[in-house]
Amino acid sequence: MAGAIIENMSTKKLVIVGVILLLFQAFAFMVGGLIAPSPATAVHYLATKCVDTVKKPQQTKWFMPWGPNQCDNIQSFDEAMAKGIEANNIVFAVHIPLPNKEMSPWFQFMLFILQFDIAFKMYNQIADGALVHIDVGLAYRDDMNSEWTEMAHSLEQRKLSCNFTATKVTHENEGRHYECDLLPFMEVGSVAHKYYLLNIRLPVNERKKINVGIAEIRDIRLVGIHQNGGFTKVWFAMKTVLTPSILIIMIWYWRRITLMSRPPVLLEKVILALGISMTFINIPVEWFSVGFNWTWMLLFGDIRQGIFYSMLLSFWIIFCGEHLMETEFFETLVLGRGELKMCDLCVPAIKILPKLGRHSTKKSQDQTERNRFSIYWKQVGPIVFGSFCLFIFDMCERGVQLKNPFYSIWASDIGTELAMAFIIVAGICACLYFLFLCFMVFQVFRNISGKRMSLPAMSKARQLHYEGLIFRFKFLMLVTLACAALTVIFFIISQVNEGHWHRGEHMVQVNSAFFTGIYGMWNLYVFAIMFLYAPSHKHYGDEQSSIQCITGDAGVNSCEDIQPTTTITHVDGPTEIYKMIGQEAQE
């Protein structure tokens, strides 16, 4: 009877495999910690106040803050008032990047946060619920001498949230700045050009109450966040190396499954689906973003990661659930309490003791339920629903940003509250999932411990055999829990960081080693599961078997076949542990 590699491979070989995987895991952390730079960089920009002398501003005219075509600029609004320049003729210009630098496709994305420097005036204070109307345009070019090409233009609104820290609001405090929250401004999903230019206007129309009651805006500051090019190269290299390794082990695993004389069971199908989802997220399609202006790559990456999260979380539920079915296989292995068939060359028939109180209907019922995906709908359903909600949330922001990079769901109070509630609920659900998974693993361990009480009644050889299988399975379950814990932590930190980026708050500092280490851990875990649960080339057969016979308490001889041969003919399930916990012995 063949089993999986995890139960048939010698302990020495398993230790070697485990050490090799551990070394690769350490290498994945070291790649991020010693080679890759930090994942993202923040650059601060101060807008230059350019003067548009044309009475009717033309959107096709672009104002450069520096360089040979530098615009006419002013240093302060006091200077503008002295020269009779109106607010509608002032354009805030920001060149991206800073002088003597270039943007690169390796930066992958650009995210900008907006901050206003607002001075306090007794006669012009910030009104409650004040909205800033922004007329903004984005242009690009690839050399310093060519003309600017418009990339996007939009009329946006941002709500001010400012506090004045002075204890007394008096004329003596005029000129002091408010403390204002940072505001989401722009996100672009690719960096296909070398130079970008932002022109920002704050049009004033007292009759329509546009930009009225926003006090005196003196400066505009931007914080630009982009992925580091060095980290991108390391990330792409890891994807390129890991893709063929997972693809090869997946093909090898399924080929072994198809050589079986039985159809695949649910657990084996789910393992294959896990390998497919890992391969899907591994395929380094990001290489094309270096040469093509694919602004949808951020959204596509989120979709791929969401599919993998759904499959990984569902796999852990099914993996534990398949070992929790209440059946009687292990109890029928007890020797000395009745006639038990251990091999074809010994006792020719099996007689289940009546006192066990087992019925054939219970066996068929367990087996029918065991390989049905539908029995897990209560556990997998919430995972799929949560992933769908993540997809809708992503489409509501990054989907719209494909057309308008200045759009942000965080720009309104309702959007901000929904987004924050979504992040909080997602974090709580992730923690609850992990606790539920711990409970399922505890149930599996308790189930095994209950069946383990029958081991002393077995022969010494078979007792040692099952003791080894139980230890290997428990160790694998503990590794699964560790992977689940790190995955939940990674998910929560990623969601919190993204929320803080959009809200302009301080980020949780995450080293590149954490990203590369977690990504490497996923690949190594999927690789190990497919390798260890693949059918072994060994099986307990007749020709090359070594039979050990013992005499039970009732004087009945029973024999054990403990030596392997090389045919894949296992018909009951992937492993002995799988059968021991979840399947009856055949009568």
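From the backbone N, Cα and C atoms, a Cβ is placed for every residue, glycine too.
Just so you know, TrEMBL annotations never went through curation; they're auto-generated.
Taken from TrEMBL, the feature domain 'Wntless GOLD' covers 48-227.
The domain 'Wntless-like transmembrane' annotation in TrEMBL covers 228-326 (among others).
What TrEMBL records for 365-537 (among others) is domain 'Wntless-like transmembrane'.
Sequence annotations record features per position, and here TrEMBL assigns transmembrane segment to 234-254 (among others). Counting residues 6+ beyond its ends, the transmembrane segment (234-254) has Cβ neighbours under 8 Å at 28, 31-32, 35-36, 271-272, 275-276, 278-279, 282-284, 286-287, 512, 515-516, 519-520, 523, 526-527, 530-531, 533-534 in the same chain.
Residues annotated as transmembrane segment in TrEMBL: 266-287 (among others). Sequence-distant neighbours of the transmembrane segment (266-287) (same chain, 6+ residues past either end, Cβ-Cβ under 8 Å): 108, 232, 235-236, 239-240, 242-243, 246-247, 249-250, 253-254, 257, 297, 300-301, 304-305, 307-308, 310-312, 314-315, 318-319, 322, 370-373, 522-523, 526, 529-530, 533, 573-574, 578.
Annotation source TrEMBL lists transmembrane segment at 307-325 (among others).
Positions annotated as transmembrane segment by TrEMBL: 380-400 (among others). Under 8 Å from some Cβ of the transmembrane segment (380-400) lie the Cβ atoms of residues 187, 189, 298-299, 302-303, 306-307, 309-310, 313-314, 317-318, 373, 407-409, 419, 422, 426, 429, 433, all in the same chain and six or more residues away from its ends.
The transmembrane segment annotation in TrEMBL covers 420-448 (among others).
If you look up TrEMBL, you'll see 469-493 (among others) marked as transmembrane segment.
Feature annotation from TrEMBL assigns transmembrane segment to 513-534 (among others).
The average pLDDT the prediction assigns to the domain 'Wntless GOLD' (48-227) is 86. Per-class residue totals from DSSP over the domain 'Wntless-like transmembrane' (228-326), listed helix then strand then coil: 77 helix, 0 strand, 22 coil.
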